[in-house]
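Swiss-Prot annotations:
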- 1-243: region 'Lycopene beta-cyclase' (REGION)
- 250-581: region 'Phytoene synthase' (REGION)
- 3-23: transmembrane segment (TRANSMEM)
- 35-55: transmembrane segment (TRANSMEM)
- 65-85: transmembrane segment (TRANSMEM)
- 120-140: transmembrane segment (TRANSMEM)
- 152-172: transmembrane segment (TRANSMEM)
- 173-193: transmembrane segment (TRANSMEM)
- 221-241: transmembrane segment (TRANSMEM)
C-alpha cells in the first residue's frame, strides 16, 4: 500500500481541475454539464475494458507500494480517477477556449463541399486512421516491441475514425483555438507529469512490449502517444457534440423546437443529417451577422458568447437586421433616399406580419427592392418570435434622425428619452421577447410587462452612453443629440457644438448625460433577476460591457480619442467574468 499515485493527482491533476472550474464556473450552463458528464461516462466505460486487459496481460503494471489498494476490474482506483479527471480537465479547457467562437458559421452545405474539397479531406483522414488501425493490429499480432503501441491504436483508432467521419467539418474548419490548442496544452502538461511519474516508478511499462524509444529522457514514446490520442479523443468528442448542437439549433426546418438538453439519439440523428439538407441561406445569414457584429460592436460580440446556442443565434440575426436597417438609412446619399429606404422597410414589416401574405412575396420584395448584401439580414430576421411594434418603433427612430437635416428633433429631455426608446429601448424589448420565447417562465403577464418596461429603460441607458461617447463623431455628420434645452442652459446651440465638439461646456453636458444614463441603469438593473435564470448572467454581461464605456468616460481627465472611447479587450473580458461571478 502506498500513496505515490494518489499524490500525483493531488499535485498535478486536481489543481488544474480546481483552477479550470473556478475560471469557467461563471459561464457554466446545463448543456456544458451535460457534455462533460456524457464524455466522462463514455471515457470511463470505453477505457476500463482496455486498461483491464493491459494490466491482466502485464503490458503495464503498478507496484504495490505506489497505490492505495482498491481496484475495479484489476484497475487501481487512482487510474480510474485519472480517466475522469483527464476528460474533465481537457473538456473544460476546450469549453474555455471555444466559448467566443460562434460555431454554426463553420457548417458547410453540399455546395460548399465542392469548393472546399471537404469530401476528399474526409477520405484522406479516414484512410490515415484505417491505416493506423491496421498497423496497430499487425503490431498486436506480432506480440513484439510494438505490442503496447498496437493496443493503443486498435483501441483509440476506431473511436477517432467514427468521430472524424461524423464531425470532420468542424475538426478541419474551426479555428485552432477550438481544435489544436485544447489538444496540445493538456498533452504537453501530461507528458511532463508522466515523465516525473515514470522516473519515480509510479507505473511501469513491461519490457518487450515497448520500442524503448523516448520522446525525451524519461518519456516513453508509447506514453506520449497515449496521452496525445486520449486528448484528441476528448476534443474530437466535444467537437462532435458541438457539431450536433449546431445542426440541431441552426436549422428549424430539420429540427423544429429542439430541446435545450437533447437526448443522445437526437444528437446522433443531428450528426447523421446530410449536409445537403442544410439551409444555405440561414448559414449565410449567420456568417454575415457575425461579420457585422465583429466590425460594429465588439462589446456586444463578447457579450453574445455568453448566451446559449439558440438564443445566441436569434440575437445575432436580430442585431444583423437592426444594423442593416440603420446602415441603409445612414448611408443614403440624400434625405429623400433615406426616407425611401424607411418606407421599403415599413413595407417589408407589413408583408412579414400580414397573415395573408405568403413567404415567397416577402422574398420577392427583398430581392427586388434591397441590395444583395442586405438580403440575409432581412430574410433571416426571427420575426415569428418577435412582435411587430418594437420593429416599427425602431424605424420611427430612424425617421427622427432624418429631421436633423432641417432642425434638431431633440429639443428637450423628453425628446431624448423618446428617441432613445425608439432606437435602443426597442432592441432591449426584442431581446427580452426572444428570451421569454425560448425559456419557460412562471411570471404573470403583468410582471412580464414590467420586465419589458425595465428593458426599455435599460436600452435608454445604453443609448445615453452611446450618445455621450459619440458626440464628436456625430458632430462630423451634422448631428447633435444633446437636447437644445440643455445647450441653452450653458450658452451653446447646435451650431457651436458642430463647430467645436471639444468645448469644455460640452464635457459638462456629457457628464450630465452619463449621470442620467446611470440613473436609468440603476432603476432597471434589478429587473434582470426576473428573467429566466439561463439568461440573467448573459444579459448582465451585455449591459455591463456597454456601461463600462460609460464608466471609462466618467473617469477624471479621460479624453475621448478619435471621437470614441475604447475599452481594452482585456478589460471587457474582466468585466464579463466579474459580472458573471
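Cβ coordinates come from backbone N, Cα and C, glycine included.
Long-range neighbours of the transmembrane segment (221-241) within the same chain, counting only residues 6 or more positions beyond its ends whose Cβ lies under 8 Å from a Cβ of the stretch, are 35, 38-39, 42-43, 86-87, 90-91, 94-95, 98, 148-149, 152, 156, 159-160, 163-164, 166-167, 170-171, 174, 178-179, 182-183, 186-187, 190-191, 194, 198, 205, 210-211, 213-215, 267, 271. Listed by sequence, the residues of this chain that lie at least six past the ends of the transmembrane segment (120-140) yet keep a Cβ under 8 A from its Cβ atoms are 146-147, 149-154, 157-158, 160-161, 164-165, 168, 172. Looking only at the region 'Lycopene beta-cyclase' (1-243), the predicted model's pLDDT averages out at 90. Note on the transmembrane segment (35-55): residues 61-62, 72-75, 79-80, 83-84, 86-88, 91-92, 95, 148, 151, 155, 159, 233-234, 237-238, 241, 264 of its chain, located 6 or more positions outside it, place their CB under 8 angstroms from a CB of the stretch.
Panel annotation: around the transmembrane segment (65-85), residues 1-6, 8-9, 13-14, 17, 40, 43-44, 47-49, 51-52, 55-56, 200-203 of the same chain, lying at least six beyond its termini, place a Cβ under 8 Å from a Cβ of the stretch.
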